[in-house]
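Student: Dropping the structure in here first, questions after.
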Amino acid sequence: MKGVGFLVAFVLLALASKLASASDPSPLQDFCVAVNDAKDGVFVNGKLCKDPKLAVPEDFFLQGLNIPGNTSNPVGSMVTPANVQQIPGLNTLGISLVRIDYAPYGGLNPPHTHPRATEILVVVEGTLYVGFVTSNPENRLFTKVLYPGDVFVFPVGLIHFQFNIGHTNAVAFAGLSSQNPGVITIANAVFGSDPAINPDVLAKAFQLDKNIVKQLQSRFWWDNN
């Protein structure tokens, strides 16, 4: 009986250990400011950390999110990030921010996913039609029209978008649950990959003529490169 109890305890400990290693560890220090110099650095969460004694207020600071982004591009939107690349003090803290500007009627933050983060978005100016799609097999669409002060959540990994349906500029801010959430813009990834995906694959997947696929690939590959 004693041996069985030991075996059960051992199995539970092994399972707990496996579960613990399946997610990011909690920081064991106040902060871990990212640096690019390998000298005197410690590699944590994809970045080297500077000696905490050398940290300065600027490591936790970014200015400029009051400046509108340039929406003069094919999709009519601009995302201005505030993640670990811009604020090194965010390293290991599991959070970041973006400002999104949208051109009048038609400004689009196109369908995309964040593989490492849930997003919570608040509209500051304008009117946005937003939504996300659930995973297979339901592929259920959740949408809402947002006005200034409204908030909407996009669950981690799900395809989502925002579209300006107003006749003025729109502005939103979004918090993301990762220092480096990543972004995969669906159209760019599928039609603009480098090297290009075999057109036969995309023609069958999207039920399109192969020539249309090639036309889309030439356009998106040019945009991405």
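Just so it is clear, glycine is given a Cβ too, placed from its N, Cα and C backbone atoms.
TrEMBL: automatically predicted annotations, no manual curation.
Relevant sequence annotations retrieved from TrEMBL are reproduced here:
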- Asn109, His114, Glu119: oxalate binding site (BINDING)
- His112, His114, Glu119, His160: Mn(2+) binding site (BINDING)
- Cys32-Cys49: disulfide bond (DISULFID)
- 63-214: domain 'Cupin type-1' (DOMAIN)
- 1-22: signal peptide (SIGNAL)
Student: I'd like the Cβ neighbour count for Cys32 (disulfide bond), meaning other Cβ atoms within 10 Å of its Cβ, all protein chains included.
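Tutor: Result for Cys32 (disulfide bond): 23 other Cβ atoms within 10 Å.
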Student: Using Cα coordinates, what distance in whole Å links Cys49 (disulfide bond) and His114 (oxalate binding site)?
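Tutor: Cα-Cα distance, Cys49 (disulfide bond) to His114 (oxalate binding site): 25 Å.
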Student: Rounded to the nearest Å, what's the C-alpha distance separating Cys32 (disulfide bond) and His114 (oxalate binding site)? Just drop the number here, would you?
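Tutor: One finds 23 Å between the Cα atoms of these residues.
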Student: Starting from the Mn(2+) site formed by His112, His114, Glu119, His160, give every other residue of that chain whose CB sits within 8 Å of the mean position of their CB atoms, in sequence order.
Tutor: Thr113, Ala117, Phe132, Phe154, Leu158, Ile159, Pro181, Val183
Student: Return only the integer: C-alpha distance in Å from His160 (Mn(2+) binding site) to His114 (oxalate binding site).
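Tutor: That separation, Cα to Cα, works out to 9 Å.
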Student: Report the residues of the chain - excluding Asn109, His114, Glu119 - with C-beta within 8 Å of the mean position of the site's C-beta atoms, for the recorded oxalate site, in sequence order.
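Tutor: Filtered neighbour residues, in order: Val98, His112, Thr113, Ala117, Leu121, Phe154, His160, Ala174, Leu176, Pro181, Val183.
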Student: For His114 (oxalate binding site), list the number of other Cβ atoms lying within 10 Å of its Cβ atom.
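Tutor: The answer is 23 other Cβ atoms.
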Student: Around Asn109 (oxalate binding site), how many other CB atoms lie within 10 A of its CB?
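Tutor: Here the count is 26.
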Student: Far apart in sequence but close in space: which same-chain residues, 6 or more away, have a Cβ under 8 Å from His112 (Mn(2+) binding site)?
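Tutor: His112 (Mn(2+) binding site) has long-range Cβ partners Ile159, His160, Phe161, Val183, Ile184, Thr185, Ile186.
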Student: When you measure from the Cβ of His160 (Mn(2+) binding site), how many other Cβ atoms are you left with inside 10 Å?
Tutor: 22
Student: To see if you understand the setup: which same-chain residues, six or more apart in sequence, place their Cβ under 8 Å from that of Glu119 (oxalate binding site)?
Tutor: Val153, Phe154, His160, Ala174, Gly175, Leu176, Ser177, Pro181
